[in-house]
Amino acid sequence: MKEFKGIAASDGIAIASAFRLTEPDLSFKKRSITDASDEIKRLYAAIDVSKDELLTIQQRTLEDLGSSEAEVFKAHGAILSDPELLNRIKSTIEKEKVNAEYALTKVTDGYIKIFNSMTDNEYIRQRSSDIRDVTKRVLSHLLRVPLVDPALIHHKVIIIAHDLTPSDTAQFVPSYVLGIVSDMGGRTSHSAIMSRSLEIPAVVGFKGRLADIKNGDTVIVDGSTGNVIVNPTEAQTDEYTQKQADYRQRKSKLADFKHQMTSSSDGKHPIIAANIGTLDDLDGAIENGAEGIGLFRTEFLYMDSNHLPTEDEQFNVYKTVLQKMDKKPVIIRTADIGGDKDLPYLDVPKEANPFLGYRAIRMSLDKPDIFRTQVRALLRASSFGNLSVMFPMITTINELKKAKNIFNQERIKLIREKVRVKPVKIGIMVEVPAAAILADQFANEVDFMSIGTNDLIQYIMAADRGNRMVSYLYQPYNPAVLRMIKHIIDACHDNNLPAYMCGEMAGDQTAIPILVGMGLNEFSMSASSILKSRALIKRLDSREMVTLANKAVTMASASEEVTAFVHQATNNVQ
Ligand code: PEP
Ligand code: MG
């Protein structure tokens, strides 16, 4: 038995066997060969197994996730049947007398380069990421290094990973992936946020302490406390099975709050909305009684695809969200690509500080074709519900004006094309300190602001939100953060604008009393936090919370002091 303590990232308790998700080492050396026909045989054998494997994945993906996801694997199979590609690899082996691994990579790298340079042909460019994936699969068979396909997990497991990308997490089937444990990441890293949306218990930030866990070990994950137990004793298994039952019971009691309007004990009605990244998340949001969508992270549409989503593809998703929310307010954020959300098919140079780099609106304004496609899709969808749009990572007024300009130009074009568009409210994410400080000036340019605390905190405290080494500095209740938030909310209210929050702090049970006291108008959070937050707000008197918030911002530097103070002050109600 071994016990570990990590960062609690997604509530709930899971017990199952470990499944290690490791990035395979596909490195190889260039070798000279003497018998080309043997090498070609080896190549074709690897291609045949890859094709069989792709058929299986295609079938399973079709059953579990749907036809559009399965199409990707069909396209991969088609690449491996392309006679021109195969002939080129074959003749490289014959002419250069080199090993199959080298010939395969040389030829496919050549294709990828050419495709990436054809910037005016989107369809062709999309094929380069398919070729990259297919090359990896064939290489894995040539080198006999197994690839792990998260979509293929078909028994109940706890995933043990060094790092998890949001797209790995998106492929998990929640009925099989019962828990997640990872070395990297903090509570606000995007894979942690996604595990909350999928309601998969998760503990992160183990910094390399998971190396000893083997496939098949029994693992207990307590996503509420951050405890992970490997090969537990019988007594521990019993204890956690009981805790799991208690947790489920508490959760089912909260179901009473599903159809209630959010209301404080003195009759204030802040809105509790949900953050979503996919249509699956939307079902979770509706299931948990969201009063709106406060943040749709549209970059997940781009990340779940192997090509830039077309205008029609995006339009269909936005329209579905608006229709399913049935006139409830929906805020869709334009793509926030960059930071920890990479797009393999978009050739963006690696950066030393991606969170301070080429990201979100910065990229959108630099690649206006991609941005305009998204804006058109949003405007076309506007007539199907109650849509607001916001821009991420706005730092200067000039950026906002440029983004609004493009928005208006596309609106005019659509109206000229006789497409129905409804008025859309425009807002910004306030997540960069420069914008927060100038909130009063931004107020003249927008209809609402939404505070993105995940980024705002990392920039105020100069502490990378995914870096475990500095996670002690990631302090939502630090008075420096609280004062900044109060400043933004006050600036909104002084200018008759509503103030929203869509960072993870909005669903934080210690922060909520303070935010109610500051008069926040909308709390947007992971679906799994909605009901407990609604239950909490129902027990709070907003007038008492004003006093509490005013006191919290004047406290000394320690976050602990604020936490202890809030818990003490709200003890009778929490
Ligand atoms: C935030 O920064 O608080 C936010 C909601 O955006 P994201 O987590 O996608 O960066
Ligand atoms: Mg952000």
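Every residue gets a Cβ built from N, Cα and C, even glycine.
Bear in mind that TrEMBL entries carry predicted annotations, made automatically and left uncurated.
The following features are taken from TrEMBL:
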DOMAIN    5-127  domain 'Phosphotransferase system enzyme I N-terminal'
DOMAIN    155-226  domain 'PEP-utilising enzyme mobile'
ACT_SITE  His190  active site, tele-phosphohistidine intermediate
DOMAIN    252-541  domain 'PEP-utilising enzyme C-terminal'
BINDING   Arg297, Arg333, Asn454, Asp455, Arg465  phosphoenolpyruvate binding site
BINDING   Glu431, Asp455  Mg(2+) binding site
ACT_SITE  Cys502  active site, proton donor
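Among the recorded positions Arg333, Glu431, Asn454, Asp455, Cys502, the ones whose Cβ sits under 6 Å from an atom of ligand 2 are, in sequence order, Glu431, Asn454, Asp455. Proximity to Asp455 (phosphoenolpyruvate binding site), judged by a C-alpha distance within 10 Å, picks out Glu431 from the recorded positions His190, Glu431, Cys502.
For ligand 1, the nearby recorded positions are Arg297, Glu431, Asn454, Cys502; that is, of Arg297, Arg333, Glu431, Asn454, Arg465, Cys502, these have a C-beta under 6 Å from one of its atoms. A Cα-Cα distance of 10 Å separates Arg465 (phosphoenolpyruvate binding site) from His190 (active site, tele-phosphohistidine intermediate). Here the Cα atom of Glu431 (Mg(2+) binding site) is found 8 Å from that of Asn454 (phosphoenolpyruvate binding site). Cα spacing between Arg333 (phosphoenolpyruvate binding site) and Cys502 (active site, proton donor): 11 Å, rounded to the nearest whole number. Rounded to a whole value, the Cα-Cα separation of Asn454 (phosphoenolpyruvate binding site) and Cys502 (active site, proton donor) is 9 Å. Reduced to three states, the DSSP call for His190 (active site, tele-phosphohistidine intermediate) is helix.
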